[in-house]
Amino acid sequence: MIDQKGILFILSGPSGVGKGTVRKALFEQSTDLRYSISMTTRDPREGEVDGVDYFFKSRDEFEKLISQGQLIEHAEYVGNYYGTPRQYVEQTLNEGKDVFLEIEVQGALKVRENFPEGVFVFLIPPSLEELKDRIVNRGTETEDKVKNRLKAAKEEIDMMDAYDYVVVNDQIDNAVTKVKSIVASEHCKRERVAHQYKKALEDE
Ligand code: 5GP
């Protein structure tokens, strides 16, 4: 019998900070975390696979999911919807497994309202200048879009206060190690461990 729910980890942070890269590097290593695949209305990029990278949906389909309450959170980001499926997250947590979300900041704030017990990790760039370089050097955006992304990024950094942990993304490997340490530390929290022991003794 599962007597304890899994932990919900949320990795978020400003646009262009490298959330996706850190998340992918983390999941390339062995981990007990379950990644929640998001829904989106944006077009698949080259090499992206439906049901692996995202569940790709039309706007109509996405709006239906919203109205049916099938998303824990959703946000509109650079003209597209992104959202976290409710059933997968709730079911996996109920099975006692940890779930990992990698989402932008508005969505993370909404998750906090519904899952205050979640562990919120804010990924920040070593400096805003570097963030600018990364967004510009990605080279896939127009100048206007770059400006919009930068403006959004500055606002997002102000949101750090809503998080439990801050990880500086100076190097991917460092950031991944820190995220893994956070996961390990959360499992060592006294409340969590004591609960398991007390429960085991009660069963005797
Ligand atoms: P991209 O289009 O580059 O894959 O993702 C754009 C942004 O959407 C990233 O910051 C990513 O973290 C975020 N994102 C991905 N999935 C979700 C989601 O389910 N909900 C929210 N709110 N943001 C998401």
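Count begins at 1; order follows the chain as displayed.
Positions of Cβ are set from backbone N, Cα and C atoms, glycine also.
Going by TrEMBL, these are the annotated features:
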- Gly13, Pro14, Ser15, Gly16, Val17, Gly18, Lys19, Gly20: ATP binding site (BINDING)
- 6-184: domain 'Guanylate kinase-like' (DOMAIN)
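Projection of TrEMBL feature records onto the structure.
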residue: Gly13; record: ATP binding site; CB count, 10 Å: 29
residue: Pro14; record: ATP binding site; CB count, 10 Å: 27
residue: Ser15; record: ATP binding site; CB count, 10 Å: 21
residue: Gly16; record: ATP binding site; CB count, 10 Å: 24
residue: Val17; record: ATP binding site; CB count, 10 Å: 26
residue: Gly18; record: ATP binding site; CB count, 10 Å: 18
residue: Lys19; record: ATP binding site; CB count, 10 Å: 21
residue: Gly20; record: ATP binding site; CB count, 10 Å: 12
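Mapped onto three states, the DSSP output places Gly18 (ATP binding site) in coil. Highlighted here are the binding-site residues (Gly13, Pro14, Gly16, Val17, Gly18, Lys19) whose C-beta falls below 6 Å from ligand 1: Lys19, in sequence order. In the three-state DSSP scheme, Gly13 (ATP binding site) is classed as coil. A mean pLDDT of 92 is what the model gives for the domain 'Guanylate kinase-like' (6-184).
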